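Before any comments, here is the structure.
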Amino acid sequence: MNCTLTDNTRAINVASNLGAPQQRTIFAKERISIPGYYEIIQFLGKGAYGTVCSVKFKGRSPAARIAVKKISNIFNKEILLKRAIRELKFMNFFKGHKNIVNLIDLEIVTSSPYDGLYCYQELIDYDLAKVIHSSVQLSEFHIKYFLYQILCGLKYIHSADVIHRDLKPGNILCTLNGCLKICDFGLARGIHAGFFKCHSTVQPHITNYVATRWYRAPELLLSNQPYSKSVDIWAVGCILAEFYARKPVFMGRDSMHQIFEIIKVLGTPDKDILIKFGTIKAWNLGKNSNNPVYKKIPWSNIFPFASHEAINLIESLLHWDSTHRLNVEQAISHPFLNEVRKPDDEPVCLQGPFDFTYESELNSMSKLRDYLVEEVKNFKTDLSSSSL
């Protein structure tokens, strides 16, 4: 249902359980227009893909705060459309898991200068990067508790044959009570083999923009081979090490520098691993006599205050060879987490593998636009049904 509002801002499918608002709340400076039953608390920031502010329902006590992310100019940029569609589909698919951020509402506003896709999500006070890099003292129990939650969320994601592809502390939100929630599914990808076979397609190579460099697995830096869930496991290993270092452990300025930052700690990879990567870049890494040969530095030397179990888990996650890394089920069962683990509260996604075959049909801007509008309509229809 399209609603013409008093400020001539048109919105698609305003939540029916709240009623169609007769006016809009305007934040002119940031070109934000939201339904009149919200009031804006504050502007939170602006990034590459949108503007974020916090809002609350008018006249409600206690006032639950909501984060609103506006993605501007979305219908004119293919990359924004693709990211938005992916994120909406994945967040809807994974809704309900306590360690994955919850999408509350969606709205498409078409009236300039407020036009864009508006995503309403639960507002969470911090991201994990702020926690790790703060002066707050973290005990090993805290680290176990945080890591366990990350792995619970990742287990749910991986059980649907989905790779997040951009796990990092900045994409893990943290409530005041210490509850972690994985967010930002704009780069996530379904990898179930059956769907590739159905459409006679092959698994694509990972794109250059996927995975923030500091958390990027070696195979993403050196190989053109299809990637697997192990790229997320590498990122988890980087995050675990970062808990102890209180800063990222591999901080490369570019892709090649990133490789050498990893080499300085893990040592120069064996030739069979370099051959397995299957690229000239990887082969030259071992062939070039100007490159110094590094020996592996024991993680226990880097983090002498960490427990034996923590060191063992870091070593088991950060392997040059992706096939030697633990999978998420093995990681969550590691003795390091015995103190905090609740095996009966580690659900998997019962909807089965995520079907990503829709992507092959979205081969034009017009199809992408129409698909996004349809996704928003479907979300709001489901939202209205669930509120009855």
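Glycine is no exception: its Cβ is also placed from the backbone N, Cα and C atoms.
According to its DSSP assignment, D166 (active site, proton acceptor) is coil. Swiss-Prot lists D166 with the feature active site, proton acceptor.
What Swiss-Prot records for L44, G45, K46, G47, A48, Y49, G50, T51, V52, K69 is ATP binding site, and it gives sequence analysis as the kind of evidence. Within 10 Å of the Cβ of V52 (ATP binding site) there are 18 other Cβ atoms, across all protein chains. A strand conformation is recorded for V52 (ATP binding site) in the three-state DSSP classification.
Among the features that Swiss-Prot reports, domain 'Protein kinase' is placed at 38-337.
When the binding-site residues L44, A48 are scored by other C-beta atoms within 10 Å, L44 scores highest. The number of other CB atoms found within 10 A of the CB of K46 (ATP binding site), across every protein chain shown, is 13. The number of other Cβ atoms within 10 Å of the Cβ belonging to D166 (active site, proton acceptor), over all protein chains shown, comes to 22.
Apart from L44, G45, K46, G47, A48, Y49, G50, T51, V52, K69, the ATP site neighbourhood in this chain, defined by C-beta within 8 angstroms of the site C-beta centre, holds K70.
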